[in-house]
Amino acid sequence: MTGRARARARGRARGQETAQLVGSTASQQPGYIQPRPQPPPAEGELFGRGRQRGTAGGTAKSQGLQISAGFQELSLAERGGRRRDFHDLGVNTRQNLDHVKESKTGSSGIIVRLSTNHFRLTSRPQWALYQYHIDYNPLMEARRLRSALLFQHEDLIGKCHAFDGTILFLPKRLQQKVTEVFSKTRNGEDVRITITLTNELPPTSPTCLQFYNIIFRRLLKIMNLQQIGRNYYNPNDPIDIPSHRLVIWPGFTTSILQYENSIMLCTDVSHKVLRSETVLDFMFNFYHQTEEHKFQEQVSKELIGLVVLTKYNNKTYRVDDIDWDQNPKSTFKKADGSEVSFLEYYRKQYNQEITDLKQPVLVSQPKRRRGPGGTLPGPAMLIPELCYLTGLTDKMRNDFNVMKDLAVHTRLTPEQRQREVGRLIDYIHKNDNVQRELRDWGLSFDSNLLSFSGRILQTEKIHQGGKTFDYNPQFADWSKETRGAPLISVKPLDNWLLIYTRRNYEAANSLIQNLFKVTPAMGMQMRKAIMIEVDDRTEAYLRVLQQKVTADTQIVVCLLSSNRKDKYDAIKKYLCTDCPTPSQCVVARTLGKQQTVMAIATKIALQMNCKMGGELWRVDIPLKLVMIVGIDCYHDMTAGRRSIAGFVASINEGMTRWFSRCIFQDRGQELVDGLKVCLQAALRAWNSCNEYMPSRIIVYRDGVGDGQLKTLVNYEVPQFLDCLKSIGRGYNPRLTVIVVKKRVNTRFFAQSGGRLQNPLPGTVIDVEVTRPEWYDFFIVSQAVRSGSVSPTHYNVIYDNSGLKPDHIQRLTYKLCHIYYNWPGVIRVPAPCQYAHKLAFLVGQSIHREPNLSLSNRLYYL
């Protein structure tokens, strides 16, 4: 592949008639119809320069079957089936929150000028979208035939239209409410087509929002961007990193939504990381690294759960299984009933020659059903030789050089990000075909980033032991300020084990010596560990643990020669379930650098203290009698994508002690079941610690997938309310439930001296880019050393507390300061990160519920 080509636009920007902002009134109605248009009417110029790298025949049309979408029937990604509502349209939670109906904005903090990656959508005056229902007599089943028959009358409906086989959208109103026309099939059969006007839709209707997004996807296709998942990428402008066998496709995320005062396009830079090796290449390499009789089992563990890209159609699939009984010569039944081999199918359909005839077949299960209440289509059967691995392995993520070389291209500064986003908007304004499409629909986009004002909250004071510290808000960490200061609460280290291998004896002694140096300043009393040498085998570690760990053992430290997952998992599983004891695993090489060994020993000592029940630092929290709950989910790929929900709750006023439980859920289920059990246990733990009950409970719910908000409101919140009613007569605490979302495409830039910079930590945004039907806000809480900072979105879906928006926002920011694995401000409230760590440990390593005797400790850090 060649290096990255420079983008070039042709054509002149066309003048626009006087336009009005779309969505300047924020009236939304629940429920909408999903419009599904035809493909773009014409090809535009390439977005980016350079020759196309698709294979010959790669754009061939399917003859009744698309193998990558299952074998039973054709599946069209843009127009097929009923889509999940990823943006939770129609979920209006603010209407039930009386105290924020009039205003949901706060006022505390210093005003700061910001801009964001949003562009207003404008339309010509009195714009409307006209929706028609199309009937055929006699009935025509095939959607393509329906389209061909209708489009014989483009002189009536015009060339600008969107049609899904039943519903037609036009930018104009036909003369008659009901119009009848006649068409002929190729066989000469007469067909009567009845076109009935069913809706005249205003610009802000939910149906129009869906329509805008589909039209915008059409524009991206005109610019020759390829859809992969939900985003669009430019395969003709690749960034090649040959030293690591990686390729990056640059692209964009896009969505058009109703925000506070207008409908806007939100677009951000996205990068798709591909590997230069196919799945078959990976299997061959892996075969030479493993024992032959274990190959199938081991390679399945490596591949299942990974996402692959099929370049012949630029689609991605998750590998759910490997069918070792099939190979390219195996046959399957096509939609027309005929049988064909994989070999022949790929040759005819995509001009792809398969060379290895003994390779197995990858299986990818579909996620979406066909239509409302429909059945799942058959699995996609994929050939390893034609599938490219995407993303990074754990080994790559831990390789400093790989991540550094990737970051050069993917970690963009605010100004670089604005420039790339601006490049897309420039193309939209300069591409003749794109402008023609927009002009026909009567739509256009602003050229400039949206600007508005945000607020910077007051910097928090950190209390550690008897001392109080300020920190530099620009860096948002206090590792230097608190070094050498006593902790809030310490546990004496009297009875502990240090297990090491012979070659790590020096590192083990060095660790103990440095722990003796750093612990006195923390206030920790420490005795020398019981040191035990073991062979560097998993079984040897387990045997020593079984023989040496007793009820009096406070903590076990294992010094490991490498970060081998199987060894780590076995140690954690035994000490978290069979023999509940806090544990700390340390890779020996991290102790090898003399210049950092003291800092690492300090961090290890802090973690050990936390895991034994100690407390490090706190911030001022004016709210009293309040329990904070954090919930997050992890999908365990090794157990059929079973989900684990981590549940963490504060059990003291200072929010320095935490109770934890986890819940196992069915395959792919995101929303938590069994919340009652967790909350009841947490309230018992609170009562045991304080001898009274909390009067407020504030839940931060992370790990909610796009489109699941309605289920959360209707299903999970009632579980909390039912649980509180069951505690006892007369107990009626105030409840607040806040959905936390890290994966957002919104970016904010601070304007300083004519340059764009990252906003300072503590920046709150609750205007312009929030949703009118929600009680929501953004906070930029952390600082980043390079690239662009990502905000976190908070959506208060239930609240009978009566707390002001300022109080909720400031509490949320305070909670980002008390995560004990990092002496600084993190991106989400600490209970969310604790819940994530718990769910991750259980899903990655333990695969069972941890022993309940560990519930009151941060053993999962």
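Each Cβ is built from the backbone N, Cα and C atoms, and glycine gets one as well.
Database features (Swiss-Prot):
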COMPBIAS  1-13  compositional bias 'Basic residues'
REGION    1-64  region 'Disordered'
MOD_RES   R14  omega-N-methylarginine
COMPBIAS  17-27  compositional bias 'Polar residues'
MOD_RES   R49  omega-N-methylarginine
MOD_RES   R53  omega-N-methylarginine
DOMAIN    278-391  domain 'PAZ'
MOD_RES   R370  omega-N-methylarginine
REGION    479-615  region 'MID region'
ACT_SITE  D632  active site
ACT_SITE  E670  active site
ACT_SITE  D702  active site
ACT_SITE  H836  active site
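Everything Swiss-Prot records as a feature, shown here on the structure.
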{"residue": "D632", "record": "active site", "Cβ neighbours (10 Å)": "28"}
{"residue": "D702", "record": "active site", "Cβ neighbours (10 Å)": "23"}
{"residue": "H836", "record": "active site", "Cβ neighbours (10 Å)": "22"}
Euclidean distance between Cα atoms of H836 (active site) and D632 (active site), Å: 5
Rounded Cα-Cα span from D702 (active site) to H836 (active site), Å: 8
Collapsed DSSP category at D632 (active site): strand
Mean predicted confidence [pLDDT] for the domain 'PAZ' (278-391): 88
